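The region 'Protease' annotation in Swiss-Prot covers 12-185, and the record cites similarity to another entry as its basis. Feature annotation from Swiss-Prot assigns active site to H109, D126; the stated evidence is similarity to another entry. Taken from Swiss-Prot, the feature active site, nucleophile covers C174.
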Amino acid sequence: MSDPLIVSYNDSAIYQSDINILKSNQWLNDSIISFYLEWLKDGGEDNKNKIPNQVLLLSPSVVFCCSFVESEQEIQLMFEQPLSLKTKEVIFFPLTNNRDPNVIGGGTHWSLLIFIKSLNKFIYYDSINSFNSSDAIFIISKFKFLLSSPPPKTNLKEFLINQKTPQQQNGYDCGLYVLSIIEELLKLIIKENENNKGEENKISYKDLLLSEFTNELLFKEITPNYIKDKRVEILNTILKLKK
């Protein structure tokens, strides 16, 4: 059965099967997650909201690939130069609970891990009560070279902060929650960058991302109706690009 290409955008590709997912109440796959992250990197529709250079959005495929790389040294060799990981102040990791290298795009749940360099810790958002927390620890074990004093594996939980997260009301919107949290946090980062007249070094990412204001904002903005609209918004964005 054919699955025609609808849109090719930067390093992402959207097929008809992805459109079908967005049109129905289905779990978002890695293709849709990757597309929207690329869209956010480019600053959205008007290309004005570009993220600071100190912030990195990793694609699901990179995170998935690193899950099966044996050593941190190999990950550094593969990704340090092209992505400049150690120069970034904030790194977003979209996670699934797929541990099977033979199943591309598999898993049953998305969650979000964020490394904050100035904090020297990772923060974690999960729309189903830390369902993927063991996967977060697993990914930290692969990227603990980012920490200023890399700990032994037994102490990794000390470097993870579970954040209160808006909770999904069904079994399929987790990916939309991840994208929505990323987008709302990026809006705050971009605004803070503008307030500092583009001087990125003046931004306190630790204070910004861990503030009570930020957490309250996420709960205020990311409601079930917001999530429902976000699914439609992503679909419409793709269809506009198709034209």
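Cβ from N, Cα, C; glycine included.
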Quiz item: With every protein chain in view, how many other Cβ atoms are within 10 Å of the Cβ of H109 (active site)?
Solution: 21
Quiz item: What is the interatomic distance between the Cα atoms of H109 (active site) and D126 (active site), given in whole Å?
Solution: 9
Quiz item: D126 (active site) to C174 (active site, nucleophile): how many Å between their Cα atoms?
Solution: 8
Self-check item: Other CB atoms within 10 A, centred on the residue listed as 'active site, nucleophile'
Solution: 25
Quiz item: Around D126 (active site), how many other C-beta atoms are within 10 angstroms of its C-beta?
Solution: 25
Exercise. Take the region 'Protease' (12-185) and average the pLDDT across it for me.
Key: 89
